[in-house]
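K.L.:
Shown below is the structure under consideration.
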Amino acid sequence: MFASRPAVHPVEAPPPTDPVEQPTGVLMKDLPGMPGTAGGLGLRVAQFVFAGVALAVMASTSDFPSVTAFCYLVAATIMQCLWSFSLAIVDIYALLVKRCLRNRRAVCLFAIGDGITAALTFGAACSSAGITVLIDNDLNICAENHCGSFKTATALAFMSWFALTPSFLLNFWSMAAR
């Protein structure tokens with residue numbers, strides 16, 4: 001009942017005094033994919049290209065306006081194209097003038113914008129995928145519609161979302177770490 005418990009006294013190791021012995025760490029600003037880096041620019045270009053091609057493929061069909069989900073996909077990809085293109089220009093500017101884009105307000109704006117566009121793009125891609133499956137598998141009226149174009153545009157919208165997700169997560173993580 002009154003058993004003794006051992007006392008635990010952790011012993012701290014002395015910090016290294018020689019700067020050469022200190023472990024090197026990765027600074028948050030060195031992460032690829034952050035705003036103002038070449039990786040961030042690559043992600044923005046990929047987002048823009050995938051969303052732009054999805055928009056072009058969907059808009060090339062004549063019967064997309066008859067389905068609300070496809071109209072939503074077109075609207076979401078337009079917004080995704082505008083957002084990604086504008087941030088790609090900001091990234092190019094930051095790379096050219098070697099400027100840091102890690103201002104708290106800028107990172108907060110990037111994270112909020114990426115979150116909104118990610119939610120819209122993912123919702124549009126999911127709704128378009130549902131309608132495409134309905135048309136192709138359930139109703140079997142793919143011969144009358146442009147199912148190949150619908151599937152391609154939906155897949156490209158998902159790819160745009162996959163390219164957007166790392167940007168959002170890195171910006172959100174950077175914002176939360178401050």
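Backbone N, Cα and C define each Cβ position, glycine as well.
Owing to the predicted nature of the structure, the values given are computational and were not obtained by experimental measurement.
Sharing the features that Swiss-Prot gives for it:
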- 1-37: topological domain 'Cytoplasmic' (TOPO_DOM)
- 1-24: region 'Disordered' (REGION)
- 38-58: transmembrane segment (TRANSMEM)
- 59-69: topological domain 'Extracellular' (TOPO_DOM)
- 70-90: transmembrane segment (TRANSMEM)
- 91-105: topological domain 'Cytoplasmic' (TOPO_DOM)
- 106-126: transmembrane segment (TRANSMEM)
- 127-152: topological domain 'Extracellular' (TOPO_DOM)
- 153-173: transmembrane segment (TRANSMEM)
- 174-178: topological domain 'Cytoplasmic' (TOPO_DOM)
K.L.:
Per-residue pLDDT averaged over the topological domain 'Extracellular' (127-152) comes to what?
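P.N.:
Residues in the topological domain 'Extracellular' (127-152) carry a mean pLDDT of 90 in this prediction.
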K.L.:
Just give the helix, strand and coil counts over the topological domain 'Cytoplasmic' (174-178), going by DSSP.
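P.N.:
Summed over the topological domain 'Cytoplasmic' (174-178), the classes give 4 helix, 0 strand, 1 coil.
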K.L.:
May I ask for the residues of the chain that lie six or more residues beyond the topological domain 'Cytoplasmic' (174-178) and have a Cβ under 8 Å from a Cβ within it?
P.N.:
28, 34, 102, 104, 107-108, 111
K.L.:
Checking distant contacts: for the topological domain 'Extracellular' (127-152), what same-chain residues at least six beyond its ends satisfy Cβ-Cβ under 8 A?
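P.N.:
That would be 54, 57-58, 60-64, 67, 69-70, 72-73, 158.
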